[in-house]
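One structure below.
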Amino acid sequence: MTTPALLPLSGRRIPPLNLGPPSFPHHRATLRLSEKFILLLILSAFITLCFGAFFFLPDSSKHKRFDLGLEDVLIPHVDAGKGAKNPGVFLIHGPDEHRHREEEERLRNKIRADHEKALEEAKEKLRKSKEEIRAEIQTEKNKVVQEMKIKENKPLPPVPIPNLVGISGGDPEDNDIREKREKIKEMMKHAWDNYRTYGWGHNELRPIARKGHSTNIFGSSQMGATIVDALDTLYIMGLHDEFLDGQRWIEDNLDFSVNSEVSVFEVNIRFIGGLLAAYYLSGEEIFKIKAVQLAEKLLPAFNTPTGIPWAMVNLKSGVGRNWGWASAGSSILAEFGTLHMEFVHLSYLTGDLVYYKKVMHIRKLLQKMDRPNGLYPNYLNPRTGRWGQYHTSVGGLGDSFYEYLLKAWLMSDKTDHEARKMYDDAIEAIEKHLIKKSRGGLIFIGEWKNGHLEKKMGHLACFAGGMFALGADGSRTDKAGHYLELGAEIARTCHESYDRTALKLGPESFKFDGAVEAVAVRQAEKYYILRPEVIETYWYLWRFTHDPRYRQWGWEAALAIEKYCRVSGGFSGVKDVYSSTPTHDDVQQSFFLALFKSFEDVSIGKQNKNSCLPDFTF
């Protein structure tokens, strides 16, 4: 009889059978060497386990028991400390939290009851069929949807609407001005009607392909950015049928409960800003309600260690992130610094201070930070609260931060002295380090990069001419005349950037190096995407000086847009403003329809002095 194997057959390697005569007897009195080794290994493991359990298991005085209920894992029992007055009293979480034994037992019972309840619910679920479970899930989904609708339709507190002067005026007395105004209105109608026909509900329009268009700043959803961006222009121009079309679409289709990642900055200025403007002009509650719904979806973007919001946020999940290219994941000054006006208005309209507190926290943080040469860098890390790359510009990445400081002061009826001081400090540093005069006598705003000035100015920076003029009144040490003149010089430089092209439209950026002045050098900087900043500066300078040159410059820009950007399906940007036969980029930007406000005159005569709306007719 053979010796029994130490391992079952299923765990051993079985050698092939040998049918020949055996070379040794089948019976033996000793174990093989390999079998002795295996036996010794098992014995060693058993001894190690026993000693490990003896030395390393937790002291039962620290944890009375460990069962499947897990209550002792969540609420460890701790003995009374040495010298305690009442030895019968126990501390649950340490000497700083004085909870008695009764509280501990109550929590244990609650956890045990919840555990038993969950087990019963699980057993009950297992008894049901798949169809019953699906039906229950659908019922719960419907319940959540109804609760969200109730929350969304919750009435907001009534607040007085400011009395806007000048939104309903007459026709200009000058026939030439009246004809030009009608032309601008016709251009607006051409842009709107083609969007209405070919891109309705989409964010933007491809006027040559005649279909909808969108970019990653709006995410993957159709949010009707062009509709929202155009509302106030339509209202001011008296295009009330078109305005009502947009209002109906917003009421029936604009939904922010979508799984879409959007730019916090872009949807704030285009959507919340556009909706609030439409509300203040028309008084229609739907615009206020939609603005608040969107603002609630943006709040999770502020959930960062510093309170500086992420650049992007998912409207459904609330998960935020920053652009990968932005100085190691930093937030951008022009983005988190361009929320103040809309969020302050939201607190005014809702009575909820959360919006006001979010933007005031940003301001307070910025005030505490050191600024190299008094300049605000364009990048700030929302995790560490430290500046990113030392790059300062009044164009892209920085521009509207300074604009919002000034307008926060104006919006407060000039009582927000903190905003005014931040604006004045910033402008003084910008004038000292960034504003220079070229060899040809043109004043330009350069960009500060890592300790040196880059002599390049962007189209976006051309808004600063209007900003300097707007901020002249109230400036320090009676420098109103200086800043008005500075604004006029910036307007002249930007006009030169238009006038030195074949199309009389400005490039995206232009250089001041050597013999090259106010001209784009790189091919990637020669495009025009229907931007409004230069025309906006003309409008401000006209309002403050009534110098006819600004009207003329604006009309020249309008004619150039009509001649080179108009196509049968709308208006398109161009890829090279220096080419007499331009190639179109086939995008009608949503902000283009807001540009027409700078062309439209809605009142006449002396009424314009009190008007808060444009009187800039070419």
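Just so you know, the numbers here start at 1 and follow the chain as drawn.
Cβ atoms are placed via backbone N, Cα and C, with glycine included.
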Next item on the list: With C462 as one half of a disulfide in TrEMBL, pick the other half from C494, C565.
Entry: C494
Check: Among 130-152, 153-175, 199-221, where does TrEMBL put the label region 'Disordered'?
Finding: 153-175
Item checked: Entry from the active-site residues list E266, D399, E508, E533 having the most other CB atoms no farther than 10 A -> D399
Notebook entry, point to check: What's the CA to CA span in angstrom from C494 (disulfide bond) over to E266 (active site, proton donor)?
Noted result: 25
Checklist line | Fewest other Cβ within 10 angstroms of its own Cβ, chosen from the disulfide-bonded residues C462, C494 | finding: C494
Notebook entry, point to check: For E533 (active site) and E508 (active site, proton donor), what Cα-Cα distance in Å is obtained after rounding to a whole number?
Noted result: 11
